[in-house]
Amino acid sequence: MRQIAFYGKGGIGKSTTSQNTLAAMANRHGQRIMIVGCDPKADSTRLILNAKAQTTVLHVAAERGAVEDVELDEVLKPGFGGIKCVESGGPEPGVGCAGRGIITAINFLEEEGAYTDLDFVSYDVLGDVVCGGFAMPIRENKAQEIYIVCSGEMMAMYAANNIARGVLKYAHAGGVRLGGLICNSRKVDRETELIENLAARLNTQMIHFVPRDNVVQRAEIRRMTVEQYAPEDNQAQEYDQLAQKIINNEKLTIPTPLEMDELEELLIEFGLLGDEEDRQKQIAAQDAAIKATAAK
């Protein structure tokens with residue numbers, strides 16, 4: 001059994017990318033998969049279950065009074081392609097630590113024997129947060145392969161670099177490795193070249209470039225993956241290619257995160273960030289505009 005995790009900046013399309021890819025892995029390649037959603041939004045399994053947010057382990061545990069009183073079939077639901085789906089959940093906003101929900105859920109699943117008869121367990125983890133709780137799949141050596149969903153946008157690349165730092169921190173203590181960057185395209189100029197360059201500097205690969213296509217949104221509105229909604233579409237073939245690459249991936253590395261100066265140099269090189277001279281010109285132009293407005 002292989003345990004993988006998808007990380008990435010909030011809003012990058014991580015849950016969408018992971019569910020579409022896992023659907024292809026299960027439906028086309030017969031992989032037995034369990035998804036463990038590690039995001040308090042509980043949206044990591046929606047497209048697989050064709051449903052609204054799934055009832056979470058923490059929610060049921062709160063109703064029962066203790067996680068020991070939860071039955072496995074209350075929180076583990078089968079979905080498209082026979083994929084088993086679980087959402088860890090989290091506390092009310094502003095109260096407690098959502099990371100504890102992940103720890104509680106994983107321990108519960110292990111004790112209930114949910115990890116048997118599987119080829120893959122996939123953890124879908126909140127945004128770019130690599131604090132203790134959200135890093136739990138990495139820290140406790142649960143997830144052995146980390147896939148970072150990113151794009152050619154500046155903040156997505158910052159997040160990818162930060163996540164690589166988190167992987168590096170635990171790589172020597174455990175067996176966690178970086179499996180690659182998945183570029184979920186935002187149609188940025190020279191995006192493929194940029195992410196390939198970033199991947200090389202991080203000592204990894206751009207495992208796949210997922211083009212932008214409106215069929216993904218059309219499927220999402222129906223709470224489906226593209227694999228279920230339009231299996232003959234070109235986009236379904238893209239997710240299938242990514243699925244095959246993950247199944248066959250042997251390039252698992254210890255990342256070499258960039259220093260901030262190095263990352264900024266890369267962004268400047270590709271025109272995503274101006275150099276110091278450009279920055280000073282921007283500031284001067286803004287100051288002039290403010291003064292002109294004030295003088296009216």
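Just so it is clear, glycine is given a Cβ too, placed from its N, Cα and C backbone atoms.
Annotation source Swiss-Prot lists ATP binding site at GLY8, LYS9, GLY10, GLY11, ILE12, GLY13, LYS14, SER15, citing sequence analysis.
Marked as [4Fe-4S] cluster binding site by Swiss-Prot: CYS97, CYS131. In the three-state DSSP assignment, the secondary structure recorded for CYS97 ([4Fe-4S] cluster binding site) is coil.
Packing around ARG100 (ADP-ribosylarginine) is summarised by its Cβ count: 16 other Cβ atoms lie within 10 angstroms of its Cβ, all protein chains included. The ADP-ribosylarginine feature in Swiss-Prot is assigned to ARG100; the stated evidence is similarity to another entry.
Within 10 Å of the C-beta of GLY13 (ATP binding site) there are 22 other C-beta atoms, taking all protein chains into account.
For the recorded site, GLY8 (ATP binding site), the DSSP three-state label reads strand.
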